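Listed in TrEMBL:
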- 27-133: domain 'Calponin-homology (CH)' (DOMAIN)
- 142-248: domain 'Calponin-homology (CH)' (DOMAIN)
- 263-290: coiled coil (COILED)
- 484-511: coiled coil (COILED)
- 743-778: domain 'EF-hand' (DOMAIN)
- 784-819: domain 'EF-hand' (DOMAIN)
Amino acid sequence: MEPEFDGYMEEEEEWDREGLLDPAWEKQQKKTFTAWCNSHLRKTGPQNQIENIEEDFRNGLKLMLLLEVISGEHLPKPDRGKMRFHKIANVNKALDFIASKGVKLVSIGAEEIVDGNAKMTLGMIWTIILRFAIQDITVEELTAKEGLLLWCQRKTAPYKNVNVQNFHLSWKDGLAFCALIHRHRPDLLDYYKLSRENPLENLNTAFDIAEKHLDIPRMLDPEDMINSAKPDERSVMAYVSSYYHAFSGAQQAETAANRICKVLKVNQENERLMEEYERLASDLLEWIRRTRPWLENRTTDNTLPGTQRRLEEFRDYRRKQKPPKLEDKAKLENSFNTLQTRLRLSNRPAYLPTEGKMVSDIANAWKGLETAEKGFEEWLLSELQRLERLDHLAQKFRHKCEIHEEWAAGKEDMLKSGDFKKCRLNELKAMKKKHEAFESDLAAHQDRVEQIAAIAQELNSLDYHDVINVNARCQRICDQWDVLGQLTTKRREALEEAERILETIDQLHLEFAKRAAPFNNWMDGAKEDLLDMFIVHTTEEVQGLIDAHEQFKATLGEADKEYATIVGRVQEVQKLGQKFGITPPDNPYTTLHAQDITNKWGEVKQLVPHRDVTLQQEMMRQQNNERLRRQFAAKANVVGQWIENQLDAVASIGVTGRSSLEEQLKKLQQFDKAVVAYKPNMEELEKYNQEVQEAMIFENRYTQYTMETLRVGWEQLLTAIARNINEVENQILTRDSKGISEAQMNEFRMSFNHFDKNRTKRLEPKEFKACLISLGYKIRDDKQGEADFQRIMSIVDPNRSNYVTFDAFLDFMTRETADTDTAEQVMQSFKILAGDKPYITAQILRQELPPDQAEYCIQRMAPYTGRDAAPGALDYMSFSTALYGESDL
């Protein structure tokens with residue numbers, strides 16, 4: 001400090017000496033310096049104040065007393081004699097003390113002071129003022145005069161009509177003094193009512209307020225300030241320095257309060273983010289817990305309408321219930337990342353959520369939900385396919401049962417009849433032939449009964465809901481079939497026994513019966529085939545049915561000839577009757593009549609075109625299904641490729657490290673807008689998918705994409721963009737708060753990406769160690785080096801996840817240069833507010849801090865238990881320590 005002070009004195013010595021020759025300046029200095037000295041001497045009693053500065057310091061006693069007051073030190077004992085040499089000795093003791101403080105006294109001797117030399121006395125007092133009132137002033141590395149001038153400029157900058165450039169002309173109108181007072185004590189005057197046109201009023205107002213409220217005596221005369229062409233600079237500096245010292249204490253308290261407010265505001269915001277995270281995590285986990293049992297429920301009422309209602313409920317869940325929860329999950333992850341970044345930047349410990357509410361816990365719960373969701377949809381579609389097949393089989397079962405029951409009606413009574421015991425031989429032979437025809441008919445119906453049993457068995461295996469009635473009906477038919485077989489055997493044996501007696505047979509009737517029965521069976525089979533229900537899924541399958549029908553139609557010519565032959569036998573019988581004038585008897589060999597054959601043949605020919613129409617309608621339906629498949633595939637192939645391209649583009653951002661973080665953020669935000677703009681394509685695809693499902697289409701050979709894979713890809717794209725935006729914003733926040741240059745940030749990012757071979761945005765311990773070494777970080781290859789590396793891992797991976805994220809890597813590389821608040825700084829700020837006491841009171845906190853932050857401290861500070869504790873004393877030391885450690889704050 002001595003070289004700076006000496007240089008300043010030498011710089012001003014020449015003009016200063018010339019200035020003292022001006023009587024006006026000398027008069028101003030006498031008034032100012034006298035007032036300045038008295039402002040200190042009055043502390044020792046009014047009797048020690050001076051009236052004439054060149055006379056009252058001549059014996060050196062009050063000069064030594066002044067130095068003791070302003071320095072706080074004791075000078076050597078003064079000589080009490082009144083002789084000249086006593087006075088010189090006292091003045092020399094004072095001058096020696098001044099010199100011991102590093103001040104060079106140029107041309108000032110004890111004899112000149114004792115002789116009452118005004119010029120030298122004023123120079124000596126100015127030297128004392130410089131050393132003890134102005135030299136220690138420091139503002140932004142500027143000291144003394146320059147520091148005091150900068151302080152004045154900073155404090156008066158916001159005020160109109162004030163432009164402090166020096167310590168003479170800038171203060172003539174008094175507004176600068178008023179601005180200093182208003183800046184620190186706005187309650188003492190209304191600056192904006194003052195005018196530079198009233199300098200005398202302004203100066204008197206400032207001097208009166210300073211003397212009355214700030215304990216600063218009037219060192220300047222307003223009339224001298226106004227009437228002087230250039231006020232004395234030394235006088236103004238001496239007076240202005242009193243303002244600086246008067247306000248420095250208040251400024252120190254304000255700085256301390258601002259620091260505490262800053263720290264508490266950070267802590268309160270962190271607590272709010274923690275509470276918000278806990279609330280969001282609890283709500284999301286509770287929703288997942290309530291939703292999963294519904295998705296894992298695989299029971300239905302086993303009916304097609306009931307299962308379709310379950311599918312509608314699932315669609316409502318996917319469209320309305322899940323999307324808001326997906327947004328909550330993204331918001332939760334972003335909030336957690338932001339909170340951890342804020343904690344690192346404010347030198348706080350990392351936040352550890354409540355057990356079971358970690359980000360990984362929520363991710364696992366969400367993964368379980370999506371697994372259950374996928375399984376539920378697959379099960380629903382499979383169940384719909386199964387129930388549709390069941391419904392078709394049930395209709396086919398009922399149709400075949402009705403045909404068989406219609407055929408079997410009355411057969412049991414017929415077989416039990418004993419009518420053959422009363423008939424004639426020819427009638428008996430007819431009965432035998434009739435029975436043979438029945439046996440042929442019975443054998444022909446064997447296949448139908450076996451088909452009924454097979455369908456019933458399949459319905460049982462597929463768990464058809466009305467299987468009890470199906471089994472009962474099937475059992476009745478099978479039991480009846482067994483009875484018919486037994487009765488047929490018994491009747492044949494009885495007829496064969498009687499046949500030995502009876503022998504007349506009507507050949508024509510016999511031939512009719514033999515031809516009519518199989519033809520009738522063929523027509524029954526044809527009717528059954530023409531009325532048969534079918535289920536197909538492709539146009540190829542429909543075309544196969546159409547081809548089979550065309551083959552059937554090709555056989556109708558031969559069937560028509562057979563029909564003509566059978567009917568011709570009956571016509572021959574009628575001709576014989578007409579020829580011989582007899583009434584032809586009923587055919588004894590069959591229950592069939594020509595009219596029955598004719599009617600049934602007419603029905604078969606009518607069913608053929610009806611079958612044509614049915615098959616053509618099915619072909620149109622399958623063609624429509626094909627159109628729906630192609631429509632969905634065309635859109636899905638475009639959307640799927642777009643999603644994959646977007647995912648690749650998002651993943652590539654930041655990999656090369658050639659673009660700035662702001663450019664990366666801008667690109668990611670553009671991707672986010674592009675996704676929002678592209679969402680109508682997904683909604684259109686959902687509409688196509690609904691049409692496909694409503695048409696019961698279960699496969700699509702025109703695309704590899706399903707709606708499920710596209711939904712998953714869409715959600716992955718949304719999550720990737722949101723996560724990358726959050727990571728880049730946190731990196732920008734870290735870069736700005738740590739003062740990292742763009743070049744440093746790129747170097748860190750490129751080094752990290754170089755060792756992130758799998759592009760997972762995280763490094764394993766070996767990769768992280770190699771990355772540090774590549775950046776010049778020295779890690780020895782021995783036990784001590786391994787211990788140092790494990791210490792570094794505990795910093796960058798406090799949760800022991802066995803990997804290092806880019807945020808943790810960046811935080812480690814920059815934490816050494818971080819400008820953060822510490823517990824000691826906060827503790828020192830509280831100490832300033834408490835007046836250097838080890839405790840603080842609620843009253844002081846409410847005076848110095850905003851209401852909400854004052855109450856925050858009062859509620860959390862423990863009572864101070866020291867021996868010197870005052871009533872209501874609070875322990876600010878333990879509170880400051882707790883802010884930066886693990887606690888319940």
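Just so you know, glycine gets a Cβ as well, placed from its N, Cα and C.
Where the annotation comes from TrEMBL, it is an automatic prediction and has not been curated.
Tertiary neighbourhood of the domain 'EF-hand' (784-819): same-chain residues 337, 340-341, 344-345, 347, 350, 352, 727, 730-731, 734-735, 737-740, 745, 748-749, 752, 761-765, 768-769, 771-772, 775, selected by CB-CB distance under 8 Å and a gap of 6+ residues from either end. Secondary structure of the domain 'EF-hand' (784-819), assigned with DSSP and counted as helix (H, G, I), strand (E, B) and coil, comes to 25 helix, 2 strand, 9 coil. Counting residues of the domain 'Calponin-homology (CH)' (27-133) by DSSP class, helix then strand then coil, yields 74 helix, 0 strand, 33 coil. Summarised by DSSP class, the composition of the domain 'Calponin-homology (CH)' (142-248) is 66 helix, 2 strand, 39 coil. Taking DSSP states H, G and I as helix and E and B as strand, the domain 'EF-hand' (743-778) has 23 helix, 2 strand, 11 coil.
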